[in-house]
Every structure is written in C-alpha cells, then in structure tokens.
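Before any comments, here is the structure.
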Amino acid sequence: MKKKRRLFIRTGILLVLICALGYTIYNAVFAGKESISEGSDAPNFVLEDTNGKRIELSDLKGKGVFLNFWGTWCEPCKKEFPYMANQYKHFKSQGVEIVAVNVGESKIAVHNFMKSYGVNFPVVLDTDRQVLDAYDVSPLPTTFLINPEGKVVKVVTGTMTESMIHDYMNLIKPGETSG
C-alpha cells in the first residue's frame, strides 16, 4: 500500500514539473513576443541594400513609410511590385518612402528581381530574418504603414491592388491625420 502511495505522489510531482516546464517554454517562445499592431511604435532597424548602403528606419522619421516584407518566390509580391513602383513615382515627392524588406535571399537573386521589375525604391536585405522576427511577420507579403511620427497606423497582410496602395500612401503622407 505504501509503494502505491509513493508512486502516486511521485507521479503527481512529475506531472507538476512537466506542466511547469511546458508553461515556461511556452512563455519564452510565444508570450514574450509582442506583436506589432496599429498604434505601436515601429521597431527601428538597420539593413543594407544590394549595393551595401545602410538604411535605418529612424532616419526616415518625418516621412510616411510603406514598409513591405516580400520574397522573390512570392507570387502576390511579384504582383504588387509594379503597383508600388507606380505609386512611388507619385508619392515620393510628397514625403512617402517605400522600404521593401527582402526576407532571407541572396543579393544576386534580389538584384536580378529588381532589374527585371524595374524597381525604383529602396530594397533592403534581411538575410538573417531578424527584422522579420521583430515585426512578427507571417505570411508574405505583409506591409506596415508607418506615419511620420514612427507609429504603425495599419498592418496589411496579403496582396494589394494599385488602388489600395494609393490609398494607403495617402494615409501616411506627412500632413495627413494618420493615427
């Protein structure tokens, strides 16, 4: 009878320890990660473009920033790029900047993509995916609309039409009431 009781107590203690360990791991992986949402400060980052020029998000304060995460293999991303290029021609002079963050690909692959799509805006490389993780991005494409004060005013997941891109750039241009 004593052996059964000891076994029962040991099993109970083991279950409590396993639950505590599981809870600790869950908190470390998921609960500690703050999701970037509307109204949040946009996390600063420094990344290089395909020519090695450093771009820091905080240097763009005072401008609206259309922060787009993408990949060369992503079909919806390919669809958006010509629309983004068209709208950039119009909105750049109004204080809106596009920063397209390529996720985990080589300089050569990104450079070739840029040439074939006639990209006219800054494209930076997040080879180690640190910025992707900081912004908690999933899936691609995901776009963060950042107002001139550095606040995220909208997060858009999935493909955008040219009309949507136009409206979003209007939303974040300096002088507009964007959150």
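Cβ from N, Cα, C; glycine included.
Annotation source Swiss-Prot lists disulfide bond at Cys74-Cys77. In this structure, Cys77 (disulfide bond) is part of a helix by DSSP.
The domain 'Thioredoxin' annotation in Swiss-Prot covers 36-174. Assigned with DSSP, the residues of the domain 'Thioredoxin' (36-174) fall into helix, strand and coil as follows: 51 helix, 39 strand, 49 coil.
Annotation comment: Swiss-Prot describes 11-30 as transmembrane segment.
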Quiz item: If you count the C-beta atoms lying within 10 Å of each candidate's C-beta, which of the disulfide-bonded residues Cys74, Cys77 ends up with the smallest number?
Solution: Cys74
